[in-house]
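Remarks on the structure that follows.
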Amino acid sequence: MPELPEVEVTRRGLLPHVVGRRIAAVTVRHRGLRWPVDPQLEMRLAQRVVRRIERRGKYLLLECVSEAAGEPAGWLLVHLGMTGTLRVLPEAPSPGAHDHLDLVLAPGPGAALGTKPGTIVLRFRDPRRFGAILWSTLPEAELPSHPLLRTLGIEPFDPAFDGAWLHRHTRGRSAAIKTVLLAGGIVVGVGNIYASESLFRAGIRPTTPAGRLSRARCDRLAQAVRETLAQAIERGGSTLRDFVGSDGASGYFQLDCLVYDRAGQPCRVCATPVRQIVQGQRSTFYCPNCQH
C-alpha cells in the first residue's frame, strides 16, 4: 500500500510536468472505485488549470482553478489505495483493464519551465480499486474540515511534531505503540514498513504500551520517524509489489530495511535473529535484543 513516502514521491514527480497545465479532456472509464467517481467530474474539471499539488497524509490535493470570472477553485483529492499509481505519459497509449481515469493536459499560462511542449496524459491506474478520486469546492481554509482529512494527525515533517508532541498525545493510551502509529490520529504517514523501521531505530519494542513511553523515548521515536520517512522519500519509496512513481520508476527503500521482512535473519546491529509477530492483522518485525 502506498504510504506517505510513496505519495510524496508521486507528488514531487508530478510537479514539473503537471502544474500550470490546462485540463483539455477527462476520460473516466470506471467510476466504481472506493467511492463512486462524481458523475459530473468531466464537466467540473474541463478547462481548469492545475495551480498546485499538495499532500495531506496519503492524499494528493490538486488545486484546479477556472479562468472563468467568479468561479471558485476546486480540489481534486486522490488516494492511491492499495495498488494505485499516477503516471505522466507523453501520449495516451491504449488503456489497460485497470486504467480508470485520464486527464489530458495541455500547456497552460503557467506551465512549469522545462516541460515538453504539447499535451501529456496523467493516468490513474488501480488494479484493486481501493483508491479514490473525489472533487471538492471547499475553500482552502476549510479544506482541513473535509470528512476524509479532519481526523488526520500532524504531518511528521511539521516543526511542531517532536518528542514533546508525541509524549503529550500518547498519555493514557494502553494500545501498543506500533498500533497507535499505524492509526494515523497522532501523526500521519507511518505505515507498516515505516513503523517497524522507526521503532527499531528508536530501540523501542513495538508491543510497548504507548502511554508508558518516557519523554526521552518519545524524543528518539519522533526523530526516528522523520529520519526513516526522509530516507524512504530519497530512495523513491518502497516497491513491494505494485508501486511506481509518476515516471514509472520503482522505489528502493525496501533494500535498506533493517528489520522489515527480515524474519529469522540476523539483526544488522547485533546479529540476533529478527522476529516476526502479528499486530492488528499486520506483520511486525523487531529485534528482541536491540528493542525494549
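Any Cβ shown, glycine's included, is placed from N, Cα and C.
Neighbour density for Pro2 (active site, schiff-base intermediate with DNA): within 10 A of its CB lie 27 other CB atoms from the protein chains shown. Feature annotation from Swiss-Prot assigns active site, schiff-base intermediate with DNA to Pro2; the stated evidence is sequence analysis.
Taken from Swiss-Prot, the feature active site, proton donor covers Glu3 (among others), and the record attributes it to sequence analysis. All protein chains considered, the CB of Glu3 (active site, proton donor) has 24 other CB atoms within 10 Å.
What Swiss-Prot lists as active site, proton donor is Lys58 (among others). Here Lys58 (active site, proton donor) comes close to Pro2, Glu3, Leu4, Val7, His79, Leu80, Val188, Gly189: these same-chain residues lie at least six apart in sequence, with C-beta atoms under 8 angstroms from its C-beta.
Per Swiss-Prot, DNA binding site is recorded for His98, Arg128, Arg173, and the stated evidence type is sequence analysis. Look at Arg128 (DNA binding site): DSSP puts it in coil. Around Arg128 (DNA binding site), taking its Cβ as the centre, 14 other Cβ atoms fall within 10 Å, counting all chains.
The zinc finger feature in Swiss-Prot is assigned to 258-292; the stated evidence is sequence analysis. Here the zinc finger (258-292) has, by DSSP, the following mix of helix, strand and coil residues: 0 helix, 12 strand, 23 coil.
For Arg282 (active site, proton donor), applying a Cβ distance below 8 Å and a minimum sequence separation of six or more within one chain yields Leu182, Asn192. Positions annotated as active site, proton donor by Swiss-Prot: Arg282 (among others).
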Overall pLDDT for the zinc finger (258-292), taken as the rounded mean: 97
Number of Cβ atoms other than its own within 10 Å, given for Arg173 (DNA binding site): 17
Spatial neighbours of His98 (DNA binding site) that are distant in sequence (at least 6 apart) but have CB under 8 A: Arg125, Asp126, Pro127
Extent of the DNA binding site in Å [max Cα distance among His98, Arg128, Arg173]: 41
